[in-house]
Amino acid sequence: MGIPIGKLSLYTACGGISPAYTLPVVLDVGTNNQQLLNDPLYMGWRNPRITDDEYYEFVDEFIQAVKHRWPDVLLQFEDFAQKNAMPLLTRYRDEICSFNDDIQGTAAVTVGTLIAASRAAGSQLSEQNIVFLGAGSAGCGIAEQIIAQIQREGLSEEAARQRVFMVDRFGLLTDKMPNLLSFQTKLVQKTRKSAALGYTRRCPVVARCGSQR
């Protein structure tokens, strides 16, 4: 509960929103930690963590109740698991005013910082190559916002995506990499083009990107 209270405190301290118009909520979906389940002092729901359809049905029941009680509510998703964060955003983006702070809030700050840095250097963001070390939901969400800004500066979507490189623990994300998550697939680099530029899954991508400036 500490995290949602802390986030809502910023709404009050920085945005001037009365605490009476905010509500911190934690969704307890169980735990697979047997030590916690056996602890007599554990205050959570004593059941294995729900997943898949059962999980989404539970979240949907909560969101429908919120919509019914407060039709004009702003819902902030916070600290949702990687595999759930993007699907939830996509599922409810046209149904309720909502955003994910880890993905979109951080992205807004990041894009603003990169725009300012580019201007200070006498250039535009669309002239830069961007490398991410980490291709989780937050990193990919930030990457999509950067791509959107590059497009606003005049590049096509294809050209914008060629300037963003996602690296995870297995190396550079390419179109030949198996088992990619749905939100990662649009951020891959084409294998043929990557090879022509000298990129490989294990090469020093940062150095290579610098040489392509």
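Each Cβ is built from the backbone N, Cα and C atoms, and glycine gets one as well.
Sorting the domain 'Malic enzyme N-terminal' (1-93) by DSSP state (H, G, I as helix; E, B as strand; all else coil) yields 51 helix, 4 strand, 38 coil. Sequence annotations record features per position, and here TrEMBL assigns domain 'Malic enzyme N-terminal' to 1-93.
Cβ environment of GLU78 (divalent metal cation binding site): ILE3, PRO4, LYS7, ASN100, ASP101, ASP102 lie under 8 Å away, each six or more residues apart in the same chain. Per TrEMBL, the feature divalent metal cation binding site maps to GLU78, ASP79, ASP102.
The annotation domain 'Malic enzyme NAD-binding' is assigned in TrEMBL to 103-213. Secondary structure by DSSP for the domain 'Malic enzyme NAD-binding' (103-213): 59 helix, 13 strand, 39 coil.
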Cβ-centroid neighbours of divalent metal cation site GLU78, ASP79, ASP102, 8 Å, sequence order:
ILE3, PHE77, PHE80, ALA85, ASN100, ASP101
Quick one, of the binding-site residues ASP79, ASP102, which Cβ has the fewest other Cβ within 10 Å?
ASP79
